[in-house]
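Taken from Swiss-Prot, the feature NADPH binding site applies to Trp11, Arg33, Lys105, Ala145, Arg260, Val284, Glu286, supported by sequence analysis. Annotation source Swiss-Prot lists sn-glycerol 3-phosphate binding site at Lys105, Gly141, Ser143, Lys196, Asp249, Ser259, Arg260, Asn261. According to Swiss-Prot, the feature active site, proton acceptor maps to Lys196, an assignment based on sequence analysis.
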Amino acid sequence: MNIVVIGAGAWGTALAMSAAARGDGRVVTLWARDAAQAQAMRDSGENARYLPGVALPAALQVVHGEIDGHLAAADLIVIGTPMAALREWLGRLQHVPAPVAWLCKGFEAVPAGASAAAHGLMAHEVCAEVAPDLLCGVLSGPSFAAEVARHQPTALVAASRHAEVNDALVAAFHGDAMRVYANADIVGVEVGGAVKNVLAIATGLCDGLQLGLNARAALITRGLAEMTRLGLALGARTETFMGLSGLGDLVLTATGDLSRNRKVGLLLAQGRTLEQAVASLGHVAEGVYSARTVLARARLLNVEMPITETVVELLDGRLQAAEAVQHLMARDPRGE
């Protein structure tokens, strides 16, 4: 099997390492955008920037520059870039015969100056717009790159309307330390992956303000309800949100110390500005960029998402950390 992973960030590198470690004669190529990074990875045998101290498998090829030859020979192409770069890559890959999957979680940002009715698209909607004939899907679920790179047990979900894509993802990544489940509900899987990042900012805020475990549990539970409401309005299946890409990913991202989105909430609770919080991460926290587009989509569908709305007001500077909590607690009582 010939696998190409585009993007040598933490997640792209970790999955490429997982695939290359299988040792069954497969060819795994990791494409890095930055030439210096690619050379440093080859020289040191590790991705010192994103996964320091974790050795790359000898079978993993790290390349830079011309990629067309690798793409033409691929049996599976995985896009490991942030959401902001997905549209460009899908356009470039629109005519490849191999299945294509992405790893990013979120909604595409609404361009500056767009109309009030504009809303961000999910990745599969971007693909339908840019590359409608592409065999495409997503690999998602509760996972921190550092644990995958160290071959710690992980379960993921491959989601696509095309069985060939799910089959390729299972063949590429299912192994001793990783289980990959197939799901045809790509809408539900992508909604879960996008909304959980926003909710994790809220739980980070809660933890940073030392509001206690009761408050965190309430945010996770009510956040799951928000996620499900939006997903159902978009055509997802209810059961998807009780699976790996819904509840599973939400619990991990909302509670795990490796969560970038939770870290943003923690830093805001400490009095940092959003700019300071994002700069201190050194990595992309998709929830910061997805929150506004998630809320815009919900409003177009008349879906109530009070936690998401509060996070957006916090990120926009219209609420301070303590005010955000008061804002949620002051809502009128209602049935669960």
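Each residue, glycine too, has its Cβ placed from N, Cα and C.
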Three-class DSSP secondary structure - Asp249 (sn-glycerol 3-phosphate binding site) = helix
Just give me the nearest neighbour of Val284 (NADPH binding site) among the binding-site residues Gly141, Asp249, Ser259, Cα to Cα.
-> Ser259
Please find which two of Lys105, Gly141, Ser143, Lys196, Asp249, Ser259, Arg260, Asn261 have the most distant C-alpha atoms, given that the record lists them as binding sn-glycerol 3-phosphate, and give only that distance in angstrom, rounded to a whole number.
-> 15
If we take the residues Trp11, Arg33, Lys105, Ala145, Arg260, Val284, Glu286 that the record assigns to NADPH, their largest CA-CA distance in Å comes out at 22
Spatial neighbours of Arg260 (NADPH binding site) that are distant in sequence (at least 6 apart) but have CB under 8 A | Leu281, His283, Val284, Ala285
With neighbours defined as other CB atoms within 10 A, the best-packed of the binding-site residues Ala145, Val284 is Ala145
Look at each of the binding-site residues, Trp11, Gly141, Ser143, Asn261, and point out the one with the fewest other Cβ atoms around it within 10 Å.
-> Ser143
Look at each of the binding-site residues, Arg33, Lys105, Lys196, and point out the one with the fewest other Cβ atoms around it within 10 Å.
-> Arg33
Sparsest-packed among the binding-site residues, when each Cβ's other Cβ atoms within 10 Å are tallied, from Asp249, Glu286 | Glu286
Consider the binding-site residues Gly141, Ser143, Asn261 and say which one has the Cα lying nearest the Cα of Lys105 (NADPH binding site).
-> Gly141
Top Cα neighbour of Ser143 (sn-glycerol 3-phosphate binding site) in the set of binding-site residues Trp11, Arg33, Glu286 = Trp11
